[in-house]
Amino acid sequence: METTTPKSLYMMTLGCPKNRVDSEVMLGTLRHRGYTLVQEASDAQVIVVNTCAFIGPAKQESVDSILEMAELKKSGACKTLVVTGCLSQRYGEELSKEMPEVDHFLGTSAYAQIGDLLAAEASPRQVIPDPDYIHDANTPRINSMPKYTAYLKISEGCDNACAFCIIPTLRGGQRSRPIDDIVAEAKQLADSGVQELNLVAQDLTAYGHDLPGRPKLHDLLKALVQVDVKWIRLHYAYPRIFPDELIEVMASEPKIARYLDMPVQHVSDKLLLSMKRGRNSEFLKGLLTKLRERVPGLVMRTSLIVGLPGETEEDFEMLKEFVKTQRFERLGVFQYSDEEGTAAYDLPDKVPQKLIERRWREVMAIQKRINREQNKKLVGKRLEVLVEGPAPETEHLLVGRHQGQAPDIDGMVYINDGLAYPGEIVTVEVTEAHDYDLVARVVERPDPKQREHTARDAHPAPLPVAAMQRPAPRAE
């Protein structure tokens, strides 16, 4: 027997954009069943915490968030607390014993069952099947990003066996979506007003090897550029498989953003071998050079890990020199987290935590100088910017992003002079540079026909901004 009374729902999402997509599928599924989405957890009868368990700090954040939401069962309207995602997949059985206040634990392949689970009067407390699910274009989904941008998950799981990574255990082997299904969802997003598609997967460049006919990422991109969006951005493109055909599509198709998120993790051959990355430093440097040469204006984001077991001072100096030489426009640095169940967990020569933190600070300081120098070179330049809306700090500024700035993880462009609709792609002139952000003025807006298309569901009039108001620089 199923309950039919509509309930209020609050969703908390932790972790990566791929996890966000899972949350959006749950939101769509539950709204389809009559649930009302609320902005405050204290107003919700049902709270869902979609967790991350990639590294130690992420696990702790997930546990803290669950406990925070559990307090609302005592004092607020919450009647049902559901924990989903990677933490449930990894520790669901243990957590069910330690957290009696949680009603249900769903693994990474069970989130699509959440509607049936909540509708039934009697349902299991743990639903943690082997990870084998991925949604399709027919699955209800609510885009939780600003309506002009969206993540598009093209595959789930990973067939790599990187020594430091627990993801294949949590998410299963690679499962690619067929090209026509991905294109169908992309069209749905475009019809809803999305201007920017951010392609995500555990391993973007391995796309298709598990499908009949073994299509490649460049085949998918050739199909996606036919969709009515302005930018298509590539995230998590592993360097191990990077054919020339992919580089050619990136260089020749205007809709493919001049931006690439490609995690290299380290440059020491000894550590790359122990990490099981499948490529050496010579290959990585050659690929980076090829990308810079063949894709003019490419903004490169990468991620590195410091403190891997066996990382010596010589290895670390090599890494710092690599960062100085390559001058990545965007860089994320992770402190190694010793995760039980990974190959690296059993490696000898662990690096002390204080030393890991020192190395992290050193690399970030180098990158901060690089960011500042690169941003200063943009002053006086003209850029195309996707306007997102009023700045969080003040309604007298607009914020947006140029092609070299991905949502959530990179800097912003603050617009302090001109008119623009949220969702418009406008031409700006950069007037000021900070370490991570830029300040600019609008110099050209789209033609009226495009303006009508992008603003159809936005504001009734373009948003003005006060001339020459400066945003406060961000501390990062």
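Here the Cβ of each residue, glycine as well, is placed from N, Cα and C on the backbone.
Fair warning: this is a prediction, and the values are worked out from it, not measured in the lab.
For 7-123, the entry in Swiss-Prot reads domain 'MTTase N-terminal'. For the domain 'MTTase N-terminal' (7-123), the model's average pLDDT works out to 93.
Annotation source Swiss-Prot lists [4Fe-4S] cluster 1 binding site at Cys16, Cys52, Cys86. If you take the C-beta of Cys52 ([4Fe-4S] cluster 1 binding site) and look for same-chain residues 6 or more apart in sequence within under 8 angstroms, you find Leu14, Gly15, Cys16, Asn19, Ala58, Lys59, Glu61, Ser62, Gly85, Cys86, Leu87.
The feature domain 'Radical SAM core' is assigned by Swiss-Prot to 144-373, with sequence analysis given as support.
Taken from Swiss-Prot, the feature [4Fe-4S] cluster 2 binding site applies to Cys158, Cys162, Cys165. Here Cys165 ([4Fe-4S] cluster 2 binding site) comes close to Cys158, Thr342: these same-chain residues lie at least six apart in sequence, with C-beta atoms under 8 angstroms from its C-beta.
Residues or ranges marked as domain 'TRAM' in Swiss-Prot: 376-444.
If you look up Swiss-Prot, you'll see 445-476 marked as region 'Disordered'.
What Swiss-Prot records for 445-459 is compositional bias 'Basic and acidic residues'.
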Number of other Cβ atoms within 10 Å of the Cβ of Cys86 ([4Fe-4S] cluster 1 binding site) across all protein chains: 28
